[in-house]
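Input: a single structure, listed below in structure tokens.
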Amino acid sequence: MALQQDIIEALGVKPTIDADEEIRISVDFLKSYLKRYPFLKSLVLGISGGQDSTLTGKLCQMAMTELRAESGDSDYQFIAVRLPHGVQADEQDCQDAITFIQPDRVLTVNIKAAVQASEQALREAGITLSDFIRGNEKARERMKVQYSIAGMNAGVVVGTDHAAEAVTGFFTKYGDGGTDINPIFRLNKGQGKRLLNALGCPEHLWLKHPTADLEDDRPGLQDEVALGVTYEMIDRYLQGESIDPAAAKIIEGWYVKTEHKRRTPITVFDDFWKK
């Protein structure tokens, strides 16, 4: 129970939320950051067609629309980036997400050729990637592209990390975890669904089974299968409820194992890894 409380406090999860209030918190958070650094003019986010990027994208667009109206500065823009690896199986969901979000700009960069070129260069150096590591390569290529776009548009890269993902470390280090700002960090999975419902998002985008879809050998592998625990159980844990001890052990095991992912590079002054 002590570790559970430490985790809840570290991730800032509330046991109950008001969806409209949380929407306003996230939008104002994004706006205040850009106001603090007026040389920044854009928010850049990869859109996958899943719950998290759909929610984050909508919040980004709301923030930029309000900033333009409040400041009179038409340079503020939200750039949604489609980053398929070849042909994406749920491409229609991606298009539905774009239709819902209505981004200022939509860019599409297919990462397949870049990933294959990197894999070939490594192969020539004697390194053959496993399917799992190739999946990480895809995630990092996507983030590289987003930073290039942000760099050319006075922008910041927005992340989709939320509490149910952070607690398990279910993201690629310096891939989808390598962002500038994370506006939904404090929310668990179910709370994110509530925000999308309040925003009028099509149900199929937040009722679908979450998948990172990074592995070629296991396409569409559901998050809950990879983690060995359901998001419902993770959400209940993060809300301070007592859950099945076996599920709690899995969640806490992921949390401890992936601590390094939630920190900046380790220095001689860090000691968390010794505990």
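The backbone N, Cα and C atoms fix where each Cβ goes, glycine too.
In the record from Swiss-Prot, residues Gly46, Ile47, Ser48, Gly49, Gly50, Gln51, Asp52, Ser53, Lys189, Thr211 bind ATP; the candidate from Thr160, Thr168, Thr172, Thr230 listed for the same site is Thr160. If you take the Cα of His260 (deamido-NAD(+) binding site) and the Cα of Thr160 (ATP binding site), they are about 18 angstrom apart, rounded to a whole number. With a cut-off of 8 Å between CB atoms and residues at least 6 apart in sequence, the same chain places Thr172, Tyr174, Gly175, Gly178 near Arg140 (deamido-NAD(+) binding site), listed in sequence order. Put simply, of the binding-site residues Lys173, Asp180, Lys261, the one whose Cα is nearest the Cα of Thr160 (ATP binding site) is Asp180. Each residue contributes its Cα atom, and for Lys173 (deamido-NAD(+) binding site) and Asp52 (ATP binding site) those atoms are 18 Å apart.
When Cβ atoms from all protein chains are considered, those within 10 Å of Thr160 (ATP binding site) total 26, not counting its own.
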